[in-house]
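A.B. asks: So that we are looking at the same thing, I have put the structure below in structure tokens.
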């Protein structure tokens, strides 16, 4: 993910250099990569603090970095900001601010959304593979349906895209996501959240699968019973969520591609780069994936993820002993008031 992010960033930044003829601006090429380093340091530091708390607790040098992580990140960014101001040259102010804005928008598109991809990975490989595969499937099937049946133009930004391809891609993607999810949901490796085991110093993907990945029986709607001949059907609850993911991938995801097409037309370029022969640059292949990753993250936090006892416990273990004791007393008092625990007898 990091490698793809860096390459996408490089492709977009290079377009900025070429369009604005900014090769000779003082410090700016170095500052662009410096800001990328700062933002990645911030996001990956947040990930380390969130998922490797017990590992960090054992190493004093890391404790300092994590404790003051946001301050260090802000100080690094301020350094780059001051360097930019000091680099301003008369007669080039507007051009330099163009490139400053270009850099920050590129960071927003690539780095921020790459961070969300990694967050999705930690929730379980299935939240990474199904969305990515759905976008790829929709791209392929929309092309096939458009090639054989396409007659009606869909959008002016992409003259080759047709309504027939758009609709055919939608139904194909929903069916693919539903079936693909069924096979992945059977394996712990794909459905278990990725967690770090501090005792073995390894990532583990073993767990008791949540209700999302346990087979359940669902009643078939009366209208379909006559057609299918089934009154009930067995499937994983995640398959229902895969329909939502596939729907977004096929109806909204393509707008990421339309956005990229508009961007390239605005600057009169055919592709972002020539990294992949016949396809263009890496960004040409991932223009829809970033939008999809953001949706998956929002979907998980809104409809799927609940309180995580193991993550909360890790955070409690980092506290000082007196703080842990205070939390214990507060929790015990709360449970006694609710009648879950019996009050302890004294004397």
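Placement of Cβ uses the backbone N, Cα and C atoms for every residue, glycine included.
The transmembrane segment annotation in TrEMBL covers 27-44, 64-86, 98-118, 124-150, 162-185, 238-260.
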A.B. asks: Under 8 Å for C-beta pairs, could you tell me which stretch among 27-44, 64-86, 162-185, 238-260 has the largest tally with the transmembrane segment (98-118)?
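C.D. replies: Stretch with the highest Cβ contact count: 27-44.
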A.B. asks: Do any residues of this chain, six or more beyond the ends of the transmembrane segment (64-86), have a C-beta under 8 angstroms from a C-beta of it, and if so which?
C.D. replies: 27, 31, 34-35, 37-39, 41-42, 45-46, 48-49, 56, 96, 100
A.B. asks: Within the same chain, where does the transmembrane segment (162-185) have neighbours whose Cβ lies under 8 angstroms from its own Cβ atoms, ignoring anything closer than 6 residues to its ends? I mean 6 or more beyond.
C.D. replies: 125-126, 129-130, 133-134, 137-139, 141-147, 149-154, 191, 212-213, 235-236, 238-239, 241-243, 245-247, 249-251, 254
